[in-house]
């Protein structure tokens, strides 16, 4: 098969050019475009170190210098570490400094021992190869789990195929070396001594790994933009538009499966006086504190949103208006007994409650809860009111 894939072009140089190309591409993504700067810089560095390892691998055979094996293998290990760090930052995963620290310390110690003549070049390269294999396995598994969680198992597997393929190739080369210990199979860098078939596989893997990294970057950007479009910037809660989409979905479930729910509309009392007396920064602080209490006072399945200004709304799946009133009273108590800043009176909220059995559309449900809220304000504020149904309470067909 190698005869069909052989070419007059030095494929190792093609690999180097591809690595340099992606190094520059990631720099463009990081600098002018400013997209995920930290991740893009690390992806660029990974490709740069990879290109260097390829150059050193080619020189290894030109000069027959065993020390170049060690330097090339060490450079490739750095490549894999940078790739791992780039993925961690991009996928918003916690750093694992322990593994990186021990790998770095072990590789550096091994290199020093080799320079001092304590450890042979073969043993050093084999150990670095096994370290690289460990880093590859760790990275591939980390990437798959993160993408499977963010999307689904299928997408996670597809985007991790190149990483897993590289794990398989390096594992095979490790076994071949330990069994055979021939010089034409021990180099980690993709040297010209590799067969054309394997070199083409490497070329495709390099391209696919970078393309999937770009795709992951774009997908993370889309997810981030979607999050910003659906969430309030100040509180991190859902905004009105996103809440109305959720409300529409729950109303459709009620109509089809008779799954009840209720809503609570809340408003911070005398909020304008807070802004006038303490300033808008303090007003923002009051809103953030109130949102935090709302979120901590309800179930994880409940939906809390900032409806506009100092007004909030909560959707309570499976709850009727009486249940919603209990939740609203609980929230009101938490607000009035929690200081939002020192030397200031506590906040209070007014609330209006309604459930889906009272109306025949989601818009009317919002109107009903809003009317109940303003009734609570007319009654003297710092209280909760259940809305009056606009029609006989009956299940929707």
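Heads up, the Cβ atoms here are built off N, Cα and C, so glycines get one too.
Fair warning: this is a prediction, and the values are worked out from it, not measured in the lab.
Here TrEMBL flags 259-389 as domain 'GGDEF'. Residues or ranges marked as transmembrane segment in TrEMBL: 12-29, 41-62, 68-87, 99-117, 123-142, 154-179, 199-223.
DSSP places the residues of the domain 'GGDEF' (259-389) in helix, strand and coil in these numbers: 61 helix, 31 strand, 39 coil. Sequence-remote contacts of a segment are chain residues at least 6 beyond its ends whose Cβ falls under 8 Å from one of its Cβ atoms, and for the transmembrane segment (68-87) they are 39-40, 42-43, 45-47, 49-50, 52-53, 56-57, 59-60, 93, 95, 100, 103-104, 107, 111, 114, 121, 124-125, 128-129, 131-132, 135-136, 138-139, 142-143, 146, 186-189, 213, 216. Across the domain 'GGDEF' (259-389), the prediction's mean pLDDT works out to 94.
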